[in-house]
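A.B. asks: Below are the structure tokens for one structure; questions will follow.
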Amino acid sequence: MYVTLRDRPAGSRRAGGPLPRVSATVVLLGTVSLLTDVSSEMVASVLPLYLTAMVGLAPIAYGVLDGLYQGVSAMVRIAGGYLGDRGQHPKWIAVTGYAASALSRLAMLPAAGFAAITAVVTADRLGKGLRTAPRDALIAAASPPEALGRAFGVHRALDTAGAALGPLVAFALLLLVPGGYDSIFVVSFAFAVAGLAVLVLYVPGLPTAARADRPGPRQVLTEIGGRRLRRPLLAAALLGVLTIGDGFLYLALHSRDDLAARYFPLLYVGTNIAYLALAVPLGRLADRVGRGRVLVAGHLALLGGYLIAALPGGSLGLTLTVLLLLGCFYAATDGVLAALVSQLVTAGARGSGIAAAQTTVALARFAASVLFGLVWTIQGPQRALLLFAALLAVAVPVAGWLLRGVDRPAPTAGDAHLHQAPA
């Protein structure tokens, strides 16, 4: 992997030439995400067990909260993407979102009870929804079309390094201070502030030369609702409504294997290590063989995770296999979906297009969490996992059919000036 620290977009490479380098913007945004994910995953990794074992929430109640965690950001994702496109200042829209999430860490200190925690989680996820599409638009603007998968893979690898470190920090704090959730929230806030500082001080905004004509609402709606995005968004919704939150899988493993509470955050670490190892290789693979194909294959890994987690007898090997498959799923879908969508819209509507895909996935996963929590409450975790596995086995080939031939870039010259000589 070649990474340059000079802040110029990587250019298109000549046939048979070396891979274009990843720009400083991508690396810096990855650093912001690394620090922010240490913060967010410190809290997220203890929340499922805390809410079910200590607060006493039933699975259906946890399903609602997990659905909010997955889906409430959908309320502002399109707004964040559109504001970044319209104002041509996606950096500052992202700053607002990161700041909101940072403040929510401190708000966890006085929060007590389901309603207060729900309000804090909602504020955190609204911040995430506001920042994600503008950040991804900056990544896409700094990367050549043929290396989008690789650029997003590098960013997601740094992001996931933070996601792996966060649960480890939480685990260490709980070992030092048993039941010390307030310590987790304070340290989490410190990491969030550090990430925000890197974004404000070091990440450049969208270069003037890279700014497209400001799109109006009609142009954005035309692109989002157009034929090029219709099938990818439908496929994303179909697969997303059968994708349950990590917390449910981890709770199923915890229940089956009788895992000690202090080790619960380590399940997140295992998944994120697998994600970290696979993000860049699968991003490169997506650039070569097609992003739609890799996206669908990632859901086959998720299907395998469901089936193994549903087995009645557990072992360390089976648990590690579930974590590996879940990490593979994220590496094959997260940045790959953003890369896929960013090539299907013009530069002026890039943030809005990415936001539309992310909103679709977030809303679908909100529904998945609530439905899965309901089935778990009625039938138990094993039958709930088997039901979702069966439905996902049907949905995967349908999504594959919907995504056939979608890896063709949008026919526009508007992006030509974004990609200069290799740095």
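Glycine is no exception: its Cβ is also placed from the backbone N, Cα and C atoms.
Features from TrEMBL:
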DOMAIN    25-407  domain 'Major facilitator superfamily (MFS) profile'
TRANSMEM  42-65  transmembrane segment
TRANSMEM  157-177  transmembrane segment
TRANSMEM  183-204  transmembrane segment
TRANSMEM  233-253  transmembrane segment
TRANSMEM  265-282  transmembrane segment
TRANSMEM  294-312  transmembrane segment
TRANSMEM  318-341  transmembrane segment
TRANSMEM  353-378  transmembrane segment
TRANSMEM  384-403  transmembrane segment
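Mind running through what each feature is packed against?
C.D. replies: Cβ atoms under 8 Å from those of the transmembrane segment (183-204) belong to residues 7, 25, 28-29, 31-36, 38-40, 42-43, 46, 91, 94-95, 98-99, 101-102, 105-106, 108-109, 138, 166, 169-170, 173-174, 177 of the same chain, restricted to positions at least 6 beyond its ends.
A Cβ distance under 8 Å defines the sequence-distant neighbours of the transmembrane segment (294-312), meaning residues of its chain 6+ beyond its ends; these are 149, 235, 239, 243, 249, 252-253, 256, 282, 285-286, 318, 321-322, 325-326, 328-333, 336-337, 340, 381-382, 385-386, 388-389, 392-393, 395-396, 399-400, 403.
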A.B. asks: So, taking each listed stretch (42-65, 157-177, 353-378) in turn and counting its Cβ pairs to the transmembrane segment (384-403) that are under 8 angstroms, which one gives the highest count?
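C.D. replies: Looking only at 42-65, 157-177, 353-378, the most contacts with the transmembrane segment (384-403) come from 353-378.
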